[in-house]
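Quick notes on the structure that follows.
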Amino acid sequence: MAKAKFERNKPHVNIGTIGHVDHGKTTLTAAITKYFGEFRAYDQIDGAPEERARGITISTAHVEYESDTRHYAHVDCPGHADYVKNMITGAAQMDGAILVVNAADGPMPQTREHILLGRQVGIPYMVVYMNKVDQVDDPELIELVEMEIRELLSSYDYPGDDIPIIKGSALAAMNGTDKEIGEDSIRALIAAVDEYIPTPARAVDQPFLMPVEDVFSISGRGTVATGRIERGVVKVGEELEIVGIRPSKKTVCTGVEMFRKLLDQGEAGDNVGLLLRGVDRDGIERGQVLCKPGSVKPHTKFEAEAYILTKEEGGRHTPFFANYRPQFYFRTTDVTGTVQLPEGTEMVMPGDNLKFNVELIAPIAMEEKLRFAIREGGRTVGAGVVSKIIA
């Protein structure tokens, strides 16, 4: 059968495999590429190259494939620490995840940890692949494991009863044996992902937001703020709000400029200069955002899920304690904040991944799922994500 020409007109969805070590995440990833993409062997995926995201080195493998209705970008990480870092830095944003669980073992510590992390960093949907079912003779055992997985997902606020659980053997699918638990299970899995994980709203369809990178004044014209539009669209003549650091204030965009050309509008992904009415040179600064009025609020207190770098990764050499005061780098600027550790935690070691509360000295335009780096004098010592806004 001739492969259909690769068309970019299908909606795009980012997903990834998560789950306990050795439960078959990488084998499953390879098996999916065999039936839906350009086949990538296990060792091509396992020898993932290192990348840097927010000053942190992460090994991640990227594969792409497509179903009849969608194009998928899929991430798989070789090691557990890579998963933690990947999910927290958002290096590979996931619109949904495939949770791989070995039918013989059932949920294990990292299964739990990845589900919790998924909840904290805002992975909205999960589909389960129960792997290695050929290693379990008793069908009742498989049912028990399925119940256990559903209960575990429900305990972390995922809809455990509704989540599709596909049973199969990724290895059989790779080797082209035992079609029912091999190839058929992979096809059933992708069908479930197609149906259960919704297509995310495209960046241009979301409310406008642009982090301010630089500000300058043009004599006779006014103040221009430059940056890369994170999401949405801005049109000349629209009202915008300046949020963060100081009290919010409104302005009107009187011009959009890109590569020295005047445009009617700018959209997500564009690097633009926005001409602002009635704002003087000191009225706006790097670290603030321009956004659709009322769409984002400034906050100073939040709960974070964070990963603290090891010494080998260029992080701290020593632990930190309660009332630690580093800088939190949001989008384009550092803001000092104080860390409040959870009860029962005395100190945090380099290499730890934990949840704590932060109070910033100045407000930042903040939403849940916003990523940040933790820095000391310009050096990255950790990465985090806003898991909950407190005030």
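Glycine is treated like the rest: Cβ placed from N, Cα and C.
If you look up Swiss-Prot, you'll see 10-201 marked as domain 'tr-type G'.
Mean pLDDT across the region 'G1' (19-26) comes to 94 in this model. According to Swiss-Prot, the feature region 'G1' maps to 19-26, an assignment based on similarity to another entry.
The feature GTP binding site is assigned by Swiss-Prot to 19-26, 76-80, 131-134, with sequence analysis given as support. A 10 Å cutoff on Cβ-Cβ distances gives HIS80 (GTP binding site) a total of 15 other Cβ atoms nearby, all chains included.
The Mg(2+) binding site annotation in Swiss-Prot covers THR26. Cβ neighbour count for THR26 (Mg(2+) binding site): 23 (other Cβ atoms within 10 Å of its Cβ, all protein chains included).
Taking Cβ pairs closer than 8 Å, the region 'G2' (55-59) reaches residues 48-49, 77-79, 82, 85-86, 89, 91, 307, 309, 313-314, 373, 380, 383 in its own chain, all 6 or more past its ends. Swiss-Prot lists 55-59 with the feature region 'G2'.
Here Swiss-Prot flags 76-79 as region 'G3'. Broken down with DSSP, the region 'G3' (76-79) shows 0 helix, 1 strand, 3 coil.
Look at Swiss-Prot and you will find 131-134 tagged as region 'G4'. Broken down with DSSP, the region 'G4' (131-134) shows 2 helix, 1 strand, 1 coil.
Residues in the region 'G2' (55-59) partition by DSSP class (helix H, G, I; strand E, B; coil) as 0 helix, 4 strand, 1 coil. Counting other Cβ atoms within 10 Å of each Cβ, the binding-site residues ASP22, VAL133 show the lowest value at ASP22.
You'll find the Cα of HIS80 (GTP binding site) roughly 13 Å from the Cα of THR26 (Mg(2+) binding site).
DSSP classifies GLY19 (GTP binding site) as strand under the three-state reduction.
The Cβ neighbour count for LYS25 (GTP binding site), using a 10 Å radius over every protein chain in view, is 27. Cβ neighbours within 10 Å of CYS77 (GTP binding site), excluding its own Cβ and spanning all shown chains: 25. THR26 (Mg(2+) binding site) is 17 Å away from VAL133 (GTP binding site) when you measure Cα to Cα.
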